[in-house]
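A short worksheet on the structure shown next.
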Amino acid sequence: MLTFIGLGLYDQKDISVKGLEAIREADVVYAEFYTSRLMGATLEDMQELYGKPVKVLMREDVEQHPKDTVLSDAVDKKVVFLTGGDAMVATTHVDLRLRAKKMGIETRLIHGASIQSAVCGLTGLQNYRFGKSATIAFPYKDIISETPYDTILMNKKNGLHTLLFLDIDREKGYMTVNRGIELLLKVEERRKEGAVAGALCVGIARAGSPSPCVRAGRIEELQAFDFGGPLHIMVMPADLHFLEEEALQDLAGLKLG
């Protein structure tokens, strides 16, 4: 049996009662924190609350060699697999579940709070008005991916907001809103298609914590704003509904005019 459990957004206390019960009933507990992580909790904090040791897996363990760990144990044991946010938002977790199914392993999902819904709650932007999302990745060999720029351009043409995840890298750390903006503006400078220059941007930091930061303004203004510690995420809105405009003014400090 393999149970996927979403841990929520910020610390060890975000887990659901159902998720906590599943952990305490498990024979083996695995976790991965390369797609997302709980910035308000250490591994020791989690283990103390859960009452179980947690084995943390690296990307290659989950994506390349899951049969050596999670899947081999789940054949004849109760195994739980912990992730930040909601367990099935990351494609790699869907792949792991499908591999388990092919091996005849029963799977179960216990959902957790997701950053997608948290962004709507913190900003007042309407959930149904979001289009395709994208990830701003750290440059590879000085090459900046233009996929986020293309996604923003396409969504804006359709009147849709764009949620932009910010990269997490074992060596480079956590990308900030400021760095994400810098990379988008570099693509804008080269492409000059008007997707981001002078555009409205919303930055969010530490969603789910006692002190989240939410700030809206022109993208060039936010580049200099201090959002504080991670994790960060961004939204590039399309034209706003009047209620969204009011929400960003009241909740995110948007100044019009």
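Keep in mind that glycine also has a Cβ here, set from the backbone N, Cα and C atoms.
What Swiss-Prot records for Leu9, Asp86, Val89, Ser114, Ile115, Leu166, Ala207, His232 is S-adenosyl-L-methionine binding site. Sequence-distant contacts of Ala207 (S-adenosyl-L-methionine binding site), defined by Cβ-Cβ distance under 8 angstroms and a gap of at least six in the same chain, are Leu9, Tyr10, Ile115, Ala118, Val119, Leu122, Leu231, Ile233.
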*Under 8 Å by Cβ from Asp86 (S-adenosyl-L-methionine binding site), same chain, sequence gap 6 or more*: Gly6, His111, Gly112, Ala113, Ser114
*Cβ neighbour count within 10 Å of Ser114 (S-adenosyl-L-methionine binding site)*: 19
*Report the same-chain neighbours of His232 (S-adenosyl-L-methionine binding site): residues 6+ apart in sequence with Cβ closer than 8 Å to its Cβ, ordered by sequence.*
Leu166, Tyr174, Met175, Thr176, Val177, Gly180, Gly203, Ile204, Ala205
*asked:* Sequence gap of 6 or more, Cβ distance under 8 Å: name the residues on the same chain that satisfy this around Val89 (S-adenosyl-L-methionine binding site), in order along the sequence.
replied: Ser114, Ile115, Gln116
